[in-house]
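Below is one structure, written out as structure tokens, with a few remarks after it.
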């Protein structure tokens, strides 16, 4: 199966230019292709995964991937289908983000062998180009009429109170020149990107043909949608980042576990390197079992291992199991740090707090009266163990102090997992 056929079978092709010619070229020879990543934050998020993994799929098929980080274009920001003008970031901020994203992209690709990946930065050429060169050598090849007819531009112009600045209007010229430059430097003949990049990609194809007299191609990947119509890649806490310091491996693992049955088999095709035959077998087995599908677990394991590694996957599984177990002794200090980052609602507490106060503080009870009822009915657990009276000498005017949180409840001297009922948790972080 060719790489194009594999992408088609996974539903990963939204649009292409001359797919027959591209498929024939890929079958005849090994090519160089690229995808651009603008630094709009200090980390990539799961919305970037399809193009990143597509580069990897092409490399596994023997082709040379080029990961282009937009040190120059990131200073402006892509206006495509954005409702309003982007805020401009300082050169120092963008430079820091460029380095972070370069480091994140590196593990996905191999930089050794005959088709070793290439890391590029468009600041290397735009940083040396002056305004007159830009207008003479690039600008003259672009029709303003054609640019105004782009859907992404028309939406901005037609939106009341929005409009588009010349800075953002000129973005497609910069991205278009990236293709021509990478074609000249590295022989790149294919640009891939998200479906919102189609206009920019075709602009680059046309410019490369004009400047270099070369036939090149474009391929876009689909917009990832969920069956319920909500946006993919967002949680109540915001974006799901690939940086473990912004989204913990535990929370990352949980995100994939919660994928709906209606989406999970599509996402296995989109995001994993399991074969179509393996995915079809998983789906058939799930449908025949009549029990909870295994697909979500497989997806969560594959994705967490791919992004964070085997050790992080094991930690995510250990945390997931321990939260609902009586014995939480297997949790490490690093596990608690993940929970404090984004795994559980975290609350700072001080010595002397009792269980009733902790339940109300964390929102696990709406009142002291309700909290006492939970404690009396043995519905409250501390680190997996039932909360019990441990302070017989408490003051008569403070009856709730009969059940105090003490040093013995502090894991690593800092953390206590408070649980009410089967599924309601909070993390107490001791000052």
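All residue numbers here begin at 1 and follow the chain in the order shown.
Cβ atoms are placed via backbone N, Cα and C, with glycine included.
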Practice prompt. With Swiss-Prot as the source, identify the stretch among 29-38, 39-48, 49-58, 59-68 annotated motif ''HIGH' region'.
Written response: 39-48
Item to complete: Could you tell me which of the ranges 216-220, 221-225, 226-230, 231-235 is annotated in Swiss-Prot as motif ''KMSKS' region'?
Response: 231-235
Discussion item. Under 8 Å between C-beta atoms and at least six apart in sequence, can you list the same-chain neighbours of residue 234 (ATP binding site), or say none if there are none?
Written reply: 240
Item to complete: Give me the non-local Cβ neighbours of residue 175 (L-tyrosine binding site): same chain, 6+ apart in sequence, Cβ-Cβ under 8 Å, ordered along the sequence.
Response: 36, 73, 78, 197, 200, 203, 204
